[in-house]
Amino acid sequence: MRPSAWVQPIAFANMVAALGLIGFIRPGVTRRTHAAAWLTVGLALAVLVLNGTRGGLLALLVPMPVLLFVRHPSLKGPKFVVAISGLVLVLAALYAVVDGKGAGRFAQVQSEIQQFHKGSVDTSVGARLALWGIAIDTVLAKPWVGTGVGQFHTAVKTSRYCVNPADHPEVCRLGHAHDDMLEAAATMGLPGLIAVLAIFLVPGWLFAKFRRICRQAGNRLGERLAISGMAVVVASLISGLTQVTMAHQANAVFYAGITGLLLGLTVVQARFPHRGEAESM
């Protein structure tokens, strides 16, 4: 059973990834603060390995090389390599220790891709690849209007995979594209894709803008808050590459709430800076 805190497992994993990044970027330069930041990432990694959501794990790991320089500004070549190696070792250790369905999902990826190339789509990865193909075909056929909101299942039912639904049940039972951007483009056309992109890019731009203001003012707390917001946006985009995250109410509410909270706190710091507070945290 995948740990999910009573919500959809993939949505839960996305939340854990975002919170792990926020915890890692927390302000402060003391050893205690650094230890707490790394402990947060370690715990998030453990939960994600147990959960087995591959997109959530990528959402946590992909931004880490850049965020290492935020956590440790003086990090240079050899130390950077050591830090990355440490992350890999921790992940490998967690993978070795966890003997269950969650860890097994990561090992299946290569095998399922090979099965897809041989014509099998009745696996988790194979179904996603098939659905992405259906979504792309739909966008090419109806680039401006798509199938209609919530109507992606109609494209699935009329695809070559579902002429006889019993042949490919893993694909035919799904009604979404397993990708935020492809889902938006396939159901709402290119205008819908632009609208969904704005949900991520507008907050990202605002966070980048206020980060620059806080940096120029020497406000480390405001800068860290802004970077946390940018990390949440990036993590959400990565999570949405393999799942329609905004289709889950818990995921949508969490994203709106956490970005709104971080943006509000960042704006306050940009307008009413409190220099030096971050150093004592």
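One-based numbering along the chain as shown.
Backbone N, Cα and C atoms are what each Cβ position is placed from, and that goes for glycine too.
Of all ranges given (127-146, 227-246), TrEMBL attaches the label transmembrane segment to 227-246.
Tertiary neighbourhood of the transmembrane segment (6-25): same-chain residues 36-38, 40-41, 43-45, 47-48, 51-53, 55-57, 59-60, 63-64, 67, 70-71, 224, 227-228, 231-232, 235-236, 239, 243, 245, 248, 250-251, 254-255, 258, 262, selected by CB-CB distance under 8 Å and a gap of 6+ residues from either end. Residues belonging to the domain 'O-antigen ligase-related' (40-196) score a mean pLDDT of 86 in the model.
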